Amino acid sequence: MPTINVNKVDLERLSNISLSDKMIEDRFPMMGVEVEEIFEEVDKSGKKQKMVQFSINPDRPDYLSVEGLARGFRGFMGITTGIQEFEVLPSDIKVTVEENKTRPYVAFALVKNVLMDELVLESMINLQEKLHWAIGRDRKKLAIGIHDFDKVKAPFTYKEIKGDEIKFVPLGYEDEEMTPREIIEKHEKGIKYAHLIQDDRFPIIVDVNGEVLSLPPIINGTLTKVTPTSKNLLIDITGTEKEAVEETLNIIVCALAERRGTIVSVNVNGKKYPDLTLKSRIISIESINKKLGLELNPGEIIQAVKKSGMDALYEDGNLIVKIPAYRNDILHNVDLKEEIAINYGYEKFEGKLPSVATTGSKDPVEKKCNAMSDLMIGLGFYEVMNLTLSNQDTLFEKMNLKVEEKDYIEVLKPASIEHRVLRTSILPLLLETLYINKHHSLPQKIFEIGDCVIIDENDTETDTKCKNIKKIAGAITHPLTNFNEIKSSTEALLREFFEDFEFENYEHPAFIPGRCAKIIKDGKEVGFFGEIHPEVILNFELEHPIVGFEITIE
């Protein structure tokens, strides 16, 4: 989990409460924020300052700054409850967005009259970097720029340029002008994030005079560098996902508003940012009490909702809950139930022994899997573990399989193109593992036991119509491996853990015709084994013969 270091005096000032070390250690964990340590450090002036290090859950990016953390703590302690609404003043500041294929989404906002000092500047920079990781995936999904607005002049333009089209002084090079291409070749940040630039097309933000504010997602210009004397801050967020860009902007402007800043809108191609419109959800009182095992009345639940920084209205057995724009973690009603539990107080829940006595034991399937693992290791195999997420290319195309979309589950918003499908088979991932380890000596014998996910339209137990099935797969590669070797290993496994099995000839696109068999148990196919087809071997950029098997355990 990400951690943040917070100045204790600053936390007290923003929380509007005096905090003892014991109070910090007792109360913050009850609102879901772990206290790692309380320590002292020497600041730039040579004075000792008491600091607190917190661990922040990834689902609460608004807690990644002392401003957001203090806001949440004020509500939790009942100092200020309900929604803290932030006014957005209108302006005539405009941003023109030209076509940008690399990072197509952008949002801007201005926060004026921020009470800035060294402490606030450090907090702002830390929030920026933490959000780069927590939401931005190290700037791949989004990048954040914060500028001294008084150094530039509106309107602004966001566009793409070629690598040698413009020169400016980047942060860290106080007097040396560089082109974007030179930045990714010489600048520390440029080298680190050069992989995010495609086809020599560089996103850039300039003002009306052509002055460069930022070269996202790499570096800002020195011209707009924020200092402790800056008070009017222009924020830009650029990225590949519109929702993430807008939510991140909301988190930052609300944090700066805690420093007495005034939020001012910016017109981006006709749309005004930031959009701090409240979200709403409807949830029943009955479902809340059922989930929490309590009998709370509407008033008690509304009080807990208000302590979480939200508002609620009771109507016909339901609550209409209003959610602030900086809360991007409320995705489902179960999230509201968790917030109610936290702010009602976990310490108020009474522990009860179950009415039925139970004795813990190992899951029979896991027990069987552990025994299988021991046997495979005894046969000279090394165990590997791959992700359940994969992609169509690895699972199907490289295996010469033709599969329709309805036969597998695809992730709606994948983090990367390599991880966008839930695997239906383990063997392709073992071939991928062999490719990664092709520089190691032969023979190589590997296996994996793990879950695959399939679509089951006849499943009546879940809403998803999907279920996990446990499989085991193995692969061997060396110049002399053959059908008999994999048959021997497969039979050893089957004799130990399966009864009354038999083999039948099997035509599988990933295997050499005539050198593949399927495993039949109780009249059903439970697996297969054989020699991998040379075309498949080449698809995975491997060189030596490979044999493999895959068996369904459960």
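Heads up, the Cβ atoms here are built off N, Cα and C, so glycines get one too.
Here is what Swiss-Prot records for this protein:
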- Asp329, Asp335, Glu338, Glu339: Mg(2+) binding site (BINDING)
- 276-351: domain 'B5' (DOMAIN)
* Asked: Setting Asp329, Asp335, Glu338, Glu339 aside, what same-chain residues sit with their Cβ within 8 Å of the center of the Cβ atoms that define the Mg(2+) site, listed in sequence order?
  -> Asp59, Ser308, Ile330, Val334, Leu336, Lys337
* DSSP residue counts for the domain 'B5' (276-351), split into helix, strand and coil -> 33 helix, 17 strand, 26 coil
* To do: Over the domain 'B5' (276-351), work out the mean pLDDT and round it to an integer.
  => 95
* Of Asp329, Asp335, Glu338, Glu339, which of the binding-site residues has the most Cβ neighbours inside 10 Å? -> Glu339
